[in-house]
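Colleague: The L-histidine binding site annotation in TrEMBL covers GLU84, MET85, THR86, ARG114, GLN128, ASP132, ARG273, TYR277, TYR278. Annotated domain 'Aminoacyl-transfer RNA synthetases class-II family profile' per TrEMBL: 13-322, in sequence order.
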Amino acid sequence: MTDKGLSMEPYKGVRDFYPEDMAIFRYITDTMRQTAELFGYEEYGASVLEPSELYRGKSGDEIVNEQTYTFIDRGEREVTLRPEMTPTVSRMIAAMRRNLPMPIRWYSIPNLFRYEQPQRGRLREHWQLNCDLFGVNSVEGDAEVILLASSIMRAFGLTETDFVIRVNNRKIMNFIISDYLKLDDSIGKKISRIIDKKEKLPVAEFKKMVTSAIGEKDEILLTLLESKNFEEFVSHLPKNETLNIALQEMRTLIESLENKGVRNVQFDQTLMRGFDYYTGIVFEIFDTNPKNRRALFGGGRYDNLLSAFGVEPLSAVGFGMGDVTMRDVLETRGLLPKYKNPAYLAIIMAEQQCLPYASELTRKLRADNVAVSMDISGKKVGDQIKAADKKGIPFILVIGDDEVKSGNLKIKELATGVETVISDEKLSAFFKK
Ligand code: HAM
């Protein structure tokens, strides 16, 4: 607190949603919801509070050690504000799996908390659409969730050239790290994190980091990472049965997506994704506009996460898509809808004695499902009209003694200035046209 009183700023890295922000948020989440449901995904939910152990050893070190909001509750339990939804949905499915008919298609739009350095596209609280498909162990499952992600982008009015879907396969990367380069676990993890940063680092610095992590094996890895496309990348790899299956999966996925009309897919051998639980394909969607450098979606296949709960593993594939990055993209491209006040009509009183008539009129309109905001401020008519205009209410109706007596009302559309005279009995019908 300063001399001037409490700070009016929200907590660092979180947002207040004023009505216009809330309308954008609703537009974004409604569009996500509609598209997920078009694909037959059912909505679920859970608490923001989770026992901290849910994330240890599953989400990845960076998230757990550096990015969680964790505290001890009054009963000495370690509690975390969820940083992601995947462990929660896996816990829920594990608990109920015998009662759930497969395959399971679920979605949710939770708020998540990560202690990150706030910057464009990254905040400490964001909402994230999660769509996950359980019980399908084939490339068709991977293709379905990527098609869904791409359909969400389309539902926002974006076209194929506006975004690119980058894909990789953990099996290929695991083969390179463990079998081909024969790196032990800790160096393997270290090099994965370095590869993940390739796009963000200057070329020389990246090479230096690779050499210092893996010594003379650097040349093999750098050649692979610098390959221009999938076939060139494959030509630098040895022949191996396990690897072959993973490479074939990649080809089948790209082909299946092409057949479904998704052609903006790019193989990207540097795409690692920070979570330890991924076991197969991983993918991210990026805006092609350089103003928005952050990933819009991230996801992949995680077939072993359920075994952490002591139950049989279950195939799973899904993604998360954040509201912050989506809003940035829609704003940059001018694709956000114009703000509309929920009220269709502002009833303005010229005299206070008109209140009983105005109240009854308002009651009738609402009973007929017309959203009305009645100005009871007692301010001058001109000020009431200005306020209605500023709030984005499309129509106004001024009520004075004449209107009360005659029942003839003059509705004005503020955007055009067009006035319509109508009897009070026909008012609801006017708005329902
Ligand atoms: P993620 O890549 O950490 O994946 O997040 C997915 C998306 O959430 C990102 O691409 C971004 O749009 C948004 N996002 C993440 N962190 C922030 C942040 N600090 N501020 C704003 N937006 C953010 C996951 O969370 C996985 N659990 C997704 C998943 C679901 N995998 C399988 N199923």
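Easy rule for this one: first residue shown is 1, then count along the chain.
Note that Cβ sites are derived from N, Cα and C of the backbone, with glycine treated the same way.
Help me see these features in their spatial surroundings.
Modeller: Listed in sequence order, GLU84, MET85, ILE109, PRO110, ASN111, LEU112, GLY320, MET321, GLY322, ASP323 are the same-chain residues at least 6 apart in sequence whose CB falls under 8 Å from the CB of GLN128 (L-histidine binding site).
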Colleague: Over the domain 'Aminoacyl-transfer RNA synthetases class-II family profile' (13-322), work out the mean pLDDT and round it to an integer.
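Modeller: The answer is 95, the mean pLDDT of the model over that range.
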Colleague: Check the binding-site residues GLU84, THR86, GLN128, TYR278 for any whose Cβ is under 6 angstroms from an atom of ligand 1, and report them in sequence order.
Modeller: GLU84, THR86, GLN128
Colleague: Of the residues named as L-histidine binders, GLU84, MET85, THR86, ARG114, GLN128, ASP132, ARG273, TYR277, TYR278, how far apart in Å are the Cα atoms of the most distant pair?
Modeller: 21
Colleague: Helix, strand or coil at GLN128 (L-histidine binding site), per DSSP?
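Modeller: Assignment for GLN128 (L-histidine binding site) reads strand.
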